[in-house]
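Peer 1: The annotation domain 'Aminoacyl-transfer RNA synthetases class-II family profile' is assigned in TrEMBL to A:1-345. The annotation L-histidine binding site is assigned in TrEMBL to A:D81, A:L82, A:T83, A:R111, A:Q125, A:D129, A:R276, A:Y280, A:Y281.
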2 protein chains.
Amino acid sequence: MSLIQPRTLKGFRDYLPAVMIPREQLMQTAREVFRSFGFAPIDTPTLEHLEILTGKGSDETDRQIYRFTDNGGRNVGMRFDLTVPLARFAAQHISTLGTPFKRYHIAPVWRGEKPQDGRYREFVQCDFDTIGTESVLADIEAVAVINNLLETIGFDRFTISVNNRAILTGLLEHLGLADKSVAVLRSLDKLAKIGREKTAEEMINAAGVTAEQADAVLRLADCTGDATSVFATLTEITSGNEKANAGIERLRDIYEGALASGVPERRLRLDVSIARGLDYYTGVIFETTLDDLPSIGSVCSGGRYDNLAGLYTKQHLPGIGASLGLDRLIAAMEQLNLLPTASTPAPIFIAYFDKDHRDDYLRLATNLRSAGLKVEVYPEPRKLGAQLKYADAHGFTVAIIAGGQEWTDGECQLKVLATKKSSQVTYRHDAPEELVEGLRQILQQPQ
Amino acid sequence: MSLIQPRTLKGFRDYLPAVMIPREQLMQTAREVFRSFGFAPIDTPTLEHLEILTGKGSDETDRQIYRFTDNGGRNVGMRFDLTVPLARFAAQHISTLGTPFKRYHIAPVWRGEKPQDGRYREFVQCDFDTIGTESVLADIEAVAVINNLLETIGFDRFTISVNNRAILTGLLEHLGLADKSVAVLRSLDKLAKIGREKTAEEMINAAGVTAEQADAVLRLADCTGDATSVFATLTEITSGNEKANAGIERLRDIYEGALASGVPERRLRLDVSIARGLDYYTGVIFETTLDDLPSIGSVCSGGRYDNLAGLYTKQHLPGIGASLGLDRLIAAMEQLNLLPTASTPAPIFIAYFDKDHRDDYLRLATNLRSAGLKVEVYPEPRKLGAQLKYADAHGFTVAIIAGGQEWTDGECQLKVLATKKSSQVTYRHDAPEELVEGLRQILQQPQ
């Protein structure tokens, strides 16, 4: 019989243990942080009626949807994000769930786009949202969640940029450009890439604004720095426009509330230039960059929207949410050498080389697990050298070595694998304390 | 604009918080137990080349695969289990990973079968396997994993039935029925359903064995009870057949090793009748039933196989593994009233009703989170009654109530929601200890 070639589809990938271990750890950290703010988990089906998915999407996402006709003749598609399923879910269940409704959702999504630049056709999204309230407290809380997320993952130096889109909307209204806002925003979105001069040119040529108008918009976008002066300049540029003023007050509220929530001032940045796409967000907007690797882009972005589920229900559902860029974060941690390299989740290795004592090795492992330790027993009574090679290759921290007379004498060796240093400790099945303590000390040392 | 009806596909379902919270908890428990034995996580793509998926499947699974042609003209399918992807994965990566290779994989699978009896077209599988070793230690460890899994989830009364298929194979060889084994096994598989007499009839009519032969097979299958007598009877029935003897010795080894690993004797049952399908498993086989709800069937099953990935590689890869029936377990816990009913993952609720103190509520919440507590702040300064109604409906344990003068005096009320009992504690942002201690005491009480 000829073999089938084992391979993954183009744009898809396997996760081997060394990558999957920190990935799972990251997802678990995210869950813990979300829960600590009262966000509850939900899940939705991978497949949806195609009309649900295409209802709102742009032509681009439409093209990217994996779609087919199922055995029952239904047109179905695989979800391409977690926002459209959330909208459908909320429309369907909000009368049962009530508002405010706080949920998180960590799940894969699929897009049939050209795989490039480390982008895959299957990737995990990690979203949290508060639905059914316009309260500024929910906006503030979103900033606090982002801060706690990155801090708990292990980052110290990062910047959460905050904007309120209402300020720019108010300015455009004040300048008489309300009807040109999409074109102006499209140009403004390129500011970081093409620079101020080219952005102004494009606004004048493509959006049809005057040089003075372009200058006012770009002065607003330039406006960053310490909070007091930013708020003063914003107020000056927007010249008393009511919408802009309300937007500035709300931004100030969010800024101060975030500080009260314990977000360090050094991590907060007001940046009126960020817009995040054209028309989904209507209020506050966030982006988060790593100070030591800004080039990787935003690792957590989101904002406030007016109405989540207008395609599926008449119920008005405002909300705020953000999305943690899991894969981008993993890539960043890899570049910054923040990822562990072990391919085992258990730090303790028990060498099993004395065949006659198999049950003693098993009992030892059970005792250590009862003490809350993670431990692997090598499954075959092979030569010690081969087993230690395996333990080294997999990144175990410490090996327990005991055989023959040692079992009788109630002793075993602890070998720290990185340093090759060994020490002797006493161990009996009915008195494992000294061994447990010795292992804990080794595991607490920085590896 | 007309609305799109929000609905899920037939056979698919949404997970609302009250169901998703214990579900996520269960998956996390499984991860922790797997890791404590040194099993490492992996993940594989949802979509595979169709030839990978159909290579091994039966006609039935073939029919059930969600399949389509992607935009690149490739024939693809959604995985219908985690075993075929593991086989493909192992064939592709085992030279990098080395053996023994211990992995777990918790992920959804899809089958386009008729939805009935609480079966869905999308469900999560939760598998663990040790690949590349024939050592009995790996078999023993699998029993210990199953025991730890169910115990850690919260069950005490359950039974792990263990068999070694080699015993039956040996007996059939001894009876001269080696070539009829598939037909005999197919009949034997129905024993629990149709009873001894009808099974014997079917063996005689469909498999073409004699009444004496059927009787010998069924005597083997009857053979349960205390270990010593089972092993004696098995040895007697199989009359010195070499394969059967080796099988009995291995089963004895597994039984004794499981005891040494701390699996209580009352949870172990030798049952030579269990076969689990026709030809995938070749050695030890497990099934696990809940003593208080045996009707729900096996909640954790598995066994040893000779060669995992023969369709994709010439490398011989024996292994052993089992699968935790997550949905079945959740259904059982629901029936046994073992599931919590809260729809919030945070037990502590902060009522926010004094608008002027918004930042104090936020700071309070941050302080409690820093102490490791999970806490939700109501996002809007609504009337206290409405907020407490929300807290009740979501299953919070305790509400913190503070407003006006209380903030000035450094005091707040703790209200236990189930009993409506309130108590007063002191609280200042720079001295949260008394409040934290009061909350911990309330949370430690059985709810």
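Placement of Cβ uses the backbone N, Cα and C atoms for every residue, glycine included.
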Peer 1: Write out the long-range same-chain contacts of A:Q125 (L-histidine binding site), meaning residues 6 or more apart in sequence whose Cβ is under 8 Å from its Cβ.
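Peer 2: Expected: A:D81, A:L82, A:H105, A:I106, A:A107, A:P108, A:V109, A:S323, A:L326.
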Peer 1: Counting across all protein chains shown, how many other Cβ atoms sit within 10 Å of the Cβ of A:D81 (L-histidine binding site)?
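Peer 2: A:D81 (L-histidine binding site): 16 neighbouring Cβ atoms within 10 Å.
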Peer 1: By a simple count, how many Cβ atoms lie within 10 Å of the Cβ of A:Y281 (L-histidine binding site), its own Cβ left out?
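Peer 2: That number is 22.
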Peer 1: Based on DSSP, name the secondary structure state of A:T83 (L-histidine binding site): helix, strand or coil.
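Peer 2: SS state of A:T83 (L-histidine binding site) = helix.
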Peer 1: Grab the pLDDT values for the domain 'Aminoacyl-transfer RNA synthetases class-II family profile' (A:1-345) and give me their mean, rounded.
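Peer 2: Over the domain 'Aminoacyl-transfer RNA synthetases class-II family profile' (A:1-345), the predicted model scores a mean pLDDT of 92.
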Peer 1: Would you identify the secondary structure of A:Y281 (L-histidine binding site) according to DSSP, in three states?
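Peer 2: Reduced to three states, the DSSP call for A:Y281 (L-histidine binding site) is coil.
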Peer 1: Relative to the Cβ of A:T83 (L-histidine binding site), which residues of the same chain, six or more apart in sequence, are found under 8 Å away?
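Peer 2: Residues satisfying the criterion: A:D127.
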